[in-house]
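Chemist: The structure is given below, and queries will be raised subsequently.
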Amino acid sequence: MTSPHFSSYDEGPLDVSMAATNLENQLHSAQKNLLFLQREHASTLKGLHSEIRRLQQHCTDLTYELTVKSSEQTGDGTSKSSELKKRCEELEAQLKVKENENAELLKELEQKNAMITVLENTIKEREKKYLEELKAKSHKLTLLSSELEQRASTIAYLTSQLHAAKKKLMSSSGTSDASPSGSPVLASYKPAPPKDKLPETPRRRMKKSLSAPLHPEFEEVYRFGAESRKLLLREPVDAMPDPTPFLLARESAEVHLIKERPLVIPPIASDRSGEQHSPAREKPHKAHVGVAHRIHHATPPQAQPEVKTLAVDQVNGGKVVRKHSGTDRTV
């Protein structure tokens with residue numbers, strides 16, 4: 001075969017024959033390639049058709065199996081659905097019961113909260129009233145404490161005046177040369193509260209333990225009234241001052257006064273000396289009238305026990321009456 005495109009070439013018969021040969025070879029190879037492609041396409045189509053038929057058969061088998069199984073399990077499915085319905089109904093009933101219980105508990109909680117609110121208000125009112133009562137009682141206690149302090153100072157002053165009057169009576173009687181009025185120390189001595197701390201005694205320890213506060217902000221104050229009722233006050237109050245320092249002299253002053261005073265205080269003259277004898281006159285041992293405090297004297301080994309007398313003598317109509325007591329008391 002010759003192509004019409006090569007009709008224009010007139011170089012020579014060799015070139016034309018070579019071109020024709022090349023074209024024929026190319027055409028032959030193209031035909032072979034096309035035939036190969038056609039065969040491959042046919043084989044591919046054949047394989048696809050066989051695969052489609054296999055899948056169709058498998059699908060048919062699965063459909064048959066599903067139909068058979070569904071027909072067999074129809075009865076079991078109805079029983080299971082009924083059981084599930086019953087179970088659901090039971091759970092719903094339990095849920096309703098729990099909801100009712102929850103509602104009841106909420107109501108009870110509201111009631112409890114209301115009661116708590118009422119009780120809190122009541123407690124606040126009572127606490128306010130109680131605090132007001134405590135303030136009033138604390139004020140009253142403060143007034144009583146100040147009155148007690150005034151009375152203690154008055155007692156100390158009256159005691160000093162009483163002993164001054166007694167010294168004047170003793171000096172005017174002239175019954176003895178060793179009268180204590182002759183001593184300038186006794187004449188100028190007046191009871192005064194001690195500047196230093198008094199020695200610790202069981203009585204002071206008991207007072208301190210009773211007046212000690214149980215809390216830094218509150219202290220317990222027990223007071224018994226005329227009706228023997230115990231009142232408990234819990235409010236910061238000042239402790240009642242101890243009147244003992246106003247009634248007792250210091251130990252250092254006692255030691256100093258012992259050196260200045262005579263060891264024997266003679267009895268005071270009385271109009272009734274002829275009627276009865278005083279134990280102080282009958283016994284020549286060392287006797288001492290306490291001036292609101294204790295003064296201890298050194299006694300000889302053979303001396304009899306001292307007679308302790310009351311701290312304050314009674315002056316009635318210019319006569320001195322001395323009272324004896326078994327114990328030493330302070331005014």
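Heads up, residue numbers simply count up from 1 along the chain you see.
Positions of Cβ are set from backbone N, Cα and C atoms, glycine also.
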Chemist: Out of S138, S146, S209, which one does Swiss-Prot list as phosphoserine?
Modeler: S209
Chemist: Look up coiled coil in Swiss-Prot and report which of 18-44, 234-260 it refers to.
Modeler: 18-44
